[in-house]
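If you look up TrEMBL, you'll see 336 marked as active site, proton donor. The domain 'Beta-hexosaminidase bacterial type N-terminal' annotation in TrEMBL covers 32-157. According to TrEMBL, the feature domain 'Glycoside hydrolase family 20 catalytic' maps to 160-505.
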């Protein structure tokens, strides 16, 4: 693909050079997200007056219609079709280009958009759109009588064929007009798939004519959880809540998506996350009892029973769904399906014996395989969350890897197509900033930079296996997102970062690339303002980090934006300009601000450093922390900084998945130690469990060891389990190193979220005093 792009770019460059031989190079500001693969800019701009003539071949009518409507919207400009000889803007079909690619040429003669297919032509128009003033995004209040486009040449094509965003409308329901607005945002960023999560335990959101009670009963719950799932006691609002999309709504939204070159993937959850459906039709469950749609979040034992009535129901539902959605994929869920009821169900156990299956996981694989055959018979393919790997993978299934990348790696090695959507990088319902005033979220911490640095192709894959990675998707789960504004705040600007990953290609932790993206993003915000998108703006927030140089400790401040000044103070002293990392030798409170001239940008940064005895030491851990939860490195737990009280995924907590830990801290000099403390995160809703005990082993200068085992007590009203060790009785005056032995909680028990999976362990700062 890159070879074809380079050849075509050179041909266009020679043509363009003829038109611009008399012009000098310049660097006018062009703000494009995602960044094109190749771009050359020149001095000057093309100005088109009130009447713009366009030539559009039949194959590119979608792109032509969009361009015409966009330019004319709210302006005094007329756009008319004409012959190629008279046109100001020419669309041209060129077969020898990468799929979905395009070239854009703007000079004093006009505009040429070349593409091999309708998708490429549409994306060329989206680039033209971003070259125009953001005022064109407004539906009213802008009466331009002309357009101005910079002279340039672009050759562009996507790095991945699947570039997606997801939205959960079951936990909270969103109106039809917002769904269209969300889809339109994808089109602007050259993203091409919308994964629509339509069913779950808390509500069924799509009209199925053959099963009317799915919308009269399953679409509404009696009340909704207030606050966080981990709050104790849990509280509810006592208000009936729900909604659904009629089939006419669906048709309207599908037609809108097609005009924006977006394919919708509907998701109908099975066999788990089915409590809402079972509430309408109890015979679909194994328990044979009446239930209601869930009123809180989590995983529930009421799942579809693998009987004839269930499969008849699902085939009827999927038939209506597939008639509404013309895309090639249907998402069937497959995640978080507790097998408790299947283990007790005689029919299920008979099926296991009849089909010579090993266990209930094999039964789920059989269930998914049966559904896949039906979907395939209708000319469609299934997508499932990575749990569909359990018990054996359906041959034609596409795997959506969400529990990290391991499921995607396994599926790609197996030869199945994969869409990467790991909760370590692409769950946009996680916190995105460390401010205490951020809106309530499910947990975690995924800042913008972490999204931008994501690479959908794991290093473990061979070149052949890597071809099975279709792309990546950002997920927006809505347990804690009640309004459209909440959704936009969490999705933007992280959606923009992802769009560049999947279109332009990953940057491999390139700080220069991220700085360039941030610069463009800062200038892109006026376009989001014009589109009335309620984005989060954390570009003016400072980052701080403790650094070690030998036995000395320093603190570094950074800003992602260029051309700004940082000023800081220590312990409320006079503010001074920051130029380089400064040394820390005692407990200190750091305050810092970002300025442009004398104007402060963003909020004041605060950080408390507790200079304990471990901070100058070295640390070793028997296993590596999980890559998703180790951004601060191993030193994060002896750097004098406590982790967030609400975000276990920040730079200070370290996360381990199912590992028994042995943490060794070597002190710089033999020291007197009287006290050790640390804490563990405890959030069972996120599969995070504090250990049951911690063993502390201290080694004295002569090799003598002292040991203390501390039971870990968990307060039901707290997110933390704190460990306090009084070591004064040992008179540790020459302690050389100290070890913490931390056994993992183990396997999550039945009835809890994530049952049967390994529990996570998250540990915070280890204070040694």
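In case you wondered, yes, glycine gets a Cβ from its N, Cα and C as well.
Keep in mind that this is a model prediction, so the values were computed, not measured.
The DSSP breakdown of the domain 'Beta-hexosaminidase bacterial type N-terminal' (32-157) into helical (H, G, I), extended (E, B) and coil residues amounts to 33 helix, 47 strand, 46 coil. Mean model confidence of the domain 'Glycoside hydrolase family 20 catalytic' (160-505) amounts to 96 (pLDDT, 0 to 100 scale). DSSP assigns residue 336 (active site, proton donor) to coil in the three-state reduction, placing it in neither a helix nor a strand.
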